Structures are given as structure tokens and as C-alpha cells.
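Taken from Swiss-Prot, the feature ATP binding site applies to 227, 228, 229, 230, 231, 232, 233, 234. Feature annotation from Swiss-Prot assigns transmembrane segment to 13-35.
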């Protein structure tokens, strides 16, 4: 065997290979440790969505003639979900094309080397096999798959469980519970004009993803609810969440130890959600740009305190673009004491005043509590007197 003088010797090559192999064996287990868990969860959830979309779509296509099905139900969900079993086939038709979906699942043995120890684990996998005539490949790839994604999104939204998230200063992360507030726009004691205005604004926001992208703005909307105590501000937030099927993130500014932690909390929220800051006038004393900032009690030494500038940057600045389909809601009983920077149109898109009950609102309450129709042609005999007393 002849070696070129430009090539390293066999001993050098073997030494390099041994070092490289040892380096790879050392790095491999470190990947699971170095990569943050949220990134791993994001990657896994992204991969899982490729299976979840066909699964949701096909759940509405399952034939009664299927020989074997799987039935599941989440403990927090009232809906029963039907899924295909191993090898079951579902037929579909799209623009005259016949397609067949087949569900497959299995398990593989995975070996992981950690230091000098070898760990073995069983990894379950599942997938859907889609078959069709190859002459329709372009239509299926460019049109049908997107159609399945859209239909699956609608089905998932109908079955979605709304959650209420709160920040835990003990675990330093968001914790959630199932949100079961019964408030809806139908039961809200609001004037019909205001109610329609809010609902139309929400509908317009949801449908304008392309518009926000075209004008170069973050896909978000902010609402400022103000009025006397007990006039339905929290109930309106619940009605908005139930109407849109959005999760709620209840942010207590008093528990936030600085601008950096506020940014981290907002980055940990999901899309299609509501960020709620209740009673912002009394939750924390936010120093303005002209006031010296003081460190929050209990904050780590050297940390940046929570400031009005930091809050505005997260709501309407560069950090507000980190996410899509977000809604921000501030509530207060005393609008006059807030800094004007929080109330400007660029920060709060819609101001909603919730005052004391009007006569129209009273009729809705009478319908809710007493079962009296509020739009009847034959109103109650006391309604004229009640209207006179409420209107003053």
C-alpha cells in the first residue's frame, strides 16, 4: 500500500479517529442536558402536530363500519374522541380524487449512552399513511394537505379546553387550571350597542392576520376596561375568552421581579391567548421615565427593576411581536391615576367603559335570573317604573 506524502500516517489517522469517537460519545448524552426543556418540548409538539392534524380531521370521517376503534377522553374534557386502530383505513374524497388514510403505530428500542452506562428505552411511534393516484400528487401536496390542516384547526378549536394560567413565584413558571367561567356575551348585562361593538372588533381581529402582516404590525389587540367596582370587567374578560376559546394568563405585576423576568414570562405564553393585568392602578407602583426606578422587594441583587418603560416595550414595543393572535387586557377602577403612556391609542386599541347597570342591562339580568324575555312585545308591567328610576 502506498501513502502519499501529503496524507497523515496511519497512526495519526487512528489517533484522530479515536479522539473523535470519544468526543462524540461524550457529546451525545450532553445534548439532552444542554438543550433547554422548553426547546425540546417545542420540537416534539411541532412534530406531534403533523400527526394531530390528520387525527382530528379523520375523527369526523370515521365510518360506522370500522371493525375496531379507540375511544379516549381527557379527564378535563367532556368530549369523547374516536381514533383509528392499527391498520384501519378511512376513505376520503377531495375535488373528485379518492384518497385513503391508514393509521400505523409501533415501537422501537432506543439506546442512549450516558457516560459509561447504557440506557435502553422503548419509544412508541405513530403515523398516517396517505395513498392516492400519483397523477394527483401536485393537487394533494399543494391543496389537499392545507385543506386538512384548516379543517383540523376548526375541529380542534371546537374541542379546545380553555385554561387559566397564573405565575408561581415558587416554581418560577406558569401553572394552569381548567377555566370554567360561565360568563358569555349572551348573559352579559351590557347595552346591545356596546356588546355588538366588542364582538365585531374581536371578529375583525381574528380574521385580519394577513392585514397585520401586510401593514407591518404585530398580530395583537389590546383592550382597556375601566369603570366602578362590580360593573362586570372580570366577567367581560371571561366572556371574551369563552367567545374566542383563548387561554387567559393572569399576570400579577406585584410578583414580577423586574423587566427581564416580565419578558421571560411573556415569551412563555402561547399564541391565541389573553394576557390579563387586573387593577393595574393598584397592583404595583410603576416608575415613569422621569422617576428613579427602585428594585422590587425580593428581586435578585443587581436585577433590573420593573418599570413602565419595560411594560410598554412588552405590550407595544419590539417584544410584542414575539407571538401571534395575542390579546392584552388592562382593567382599572381609577383611570385618572394612570400614566397617559398606558392610555394612548397605540398602546390600548379600544377603551371600554363599564358603568352602572342601564335599563337594557337590567332586562338581561331579569332574563338570566327570573327567566323573563327581555325582547318580548309584552313587557312586564313594572318595566316603565324601573326604567324611569334607572334613567333618573
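Note that the numbers count up from 1, one per residue, in the order the chain is shown.
Any Cβ shown, glycine's included, is placed from N, Cα and C.
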Cβ within 8 Å of the ATP site's Cβ centroid: which residues qualify beyond 227, 228, 229, 230, 231, 232, 233, 234?
333, 354
Least Cβ-crowded entry, counting other Cβ within 10 Å, from the binding-site residues listed as 231, 234
234
Compile a sequence-ordered list of residues in the same chain as residue 233 (ATP binding site), six or more apart from it, whose Cβ lies below 8 A from its Cβ; state 'none' when nothing qualifies.
225, 226, 227, 278, 331, 354
Around the Cβ of residue 232 (ATP binding site), other Cβ atoms found within 10 Å total 19
Binding-site residues (227, 228, 229, 230), the one with most neighbouring Cβ atoms at 10 Å
227
